[in-house]
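**Q** Sharing a structure here in structure tokens format.
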Amino acid sequence: MNRKVRTIMHLDMDAFYASVEQQDFPELRGRPVVVGGGKRGVVSAASYEARRYGIHSAMPMFQALKKCPDLLVRPVRMRRYQEVSRMIMELLRTVSPLVEPLSIDEAFVDLTGTEALHGPPRKAAQRLKEKIRRKTGLTCSVGIAPNKLLAKIASDQNKPDGLTVIAPEQVESFLADFPVAKIPGIGPTTVEKLKALGVSTCGQVLGYPVDFWTARFGDRTGRWIHERASGRDRDPVQPHRPIKSIGAENTFEEDLDSDERLFKWLLLQSERVARRLRRKGLQGRTVTLKVKYDDFKQITRSRTLPTPTDSTETLFRAVVALFQNVPRGRKIRLTGVSVSQLSQGRGQLCLFEDRREMRSKRLDVALDTIRDRFGAQALRRGRLWDVKLHLEQDDAKGD
């Protein structure tokens, strides 16, 4: 039985944070702009003018300033970006109810079967791009293809303000010389292994049978590489895609080596993650600690709890246990806490739950109630009174 040919659109806003800043503050237009933290932070977004200097997201701010001494640095205004994002997502839903936000500035839209209402996909995308420009002043790049993988690849072909369509009959010729390194999900390690085999394009991958790849990468990975290189992707557009993890991290204003100060930051991050879990009605089992040293080397440590939790104290104890296994001897510039393996709802109450745990949960509820009414910074734990907070920026980081 033939599968119905789908029409999937991927829309990606161009340099979103930086473009919002340039739109809101006309004096920034045409100038190199980045959005991010202070000199010790990293670049969250770079305007296209800044990218001409080799500046990109996740670059340490001090390196960006070295590349462009005239660089204009703007603070993160997450609430404003969320406001603009909501406008864009509302416009996307005018062409299809099947909209899957990937992040604050990109989404998939299933256009299958919408041609009678909105015309050919290319025309529908052109009108949508113009609506977004009129509503927000911003440009976006759009890819249209038979599936999500190819649509995402297509949207990246003609940035900024591009529109690329890969028709079903064009897929094979498009991928023949397409670099494997540009396929979403295929990382640097795999790319290097493929290069060692003399393979750098999708066409070269497909020049060998699936068995060739399973013999070298294992059954699952080998089949996956072959499938990605062929452009196959059956993943549907999911308007309510489950959240996979929730996290919080901070780059410190100065490198730290004091356990007391580091533990305060870890408690703050644990508290933020636990609060966000509770606000979303979620609990998590796998706790991950990220540590970045003063030489920018990074490590992670994880552990899985016996039962899911949304408790600040339980999460913090797990993080402290992970921190005990982190190599020391160097100062630390960043820590982060995240929780994955999420599940809905609160866990079963334990009849014999210890008093400490019960007190901790009551404290969480009390703090949530006060903060919901008076704001996130209305009240804080005594152990955190001297920790500088950056709540607005962090509360919106990638779910």
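Numbering starts at 1 and runs along the chain as displayed.
Each Cβ is built from the backbone N, Cα and C atoms, and glycine gets one as well.
Below, the features straight out of TrEMBL:
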- 8-187: domain 'UmuC' (DOMAIN)
- Asp12, Asp105: Mg(2+) binding site (BINDING)
- Tyr17: site 'Substrate discrimination' (SITE)
- Glu106: active site (ACT_SITE)
**Q** How many other Cβ atoms are found within 10 Å of the Cβ atom of Glu106 (active site), counting all protein chains shown?
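**A** Result for Glu106 (active site): 19 neighbouring Cβ atoms inside 10 Å.
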**Q** How many other Cβ atoms sit within 10 Å of the Cβ of Asp105 (Mg(2+) binding site)?
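**A** The answer is 22.
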**Q** Inside 10 Å of the Cβ of Asp12 (Mg(2+) binding site), count up the other Cβ atoms and send me the figure.
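**A** Other Cβ atoms within 10 Å of Asp12 (Mg(2+) binding site): 20.
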**Q** Can you check which residues sit near Tyr17 (site 'Substrate discrimination'), meaning Cβ under 8 Å from its Cβ, same chain, 6 or more apart in sequence, and list them in order?
**A** Val35, Ser44, Ala45, Val76, Tyr81, Asp105
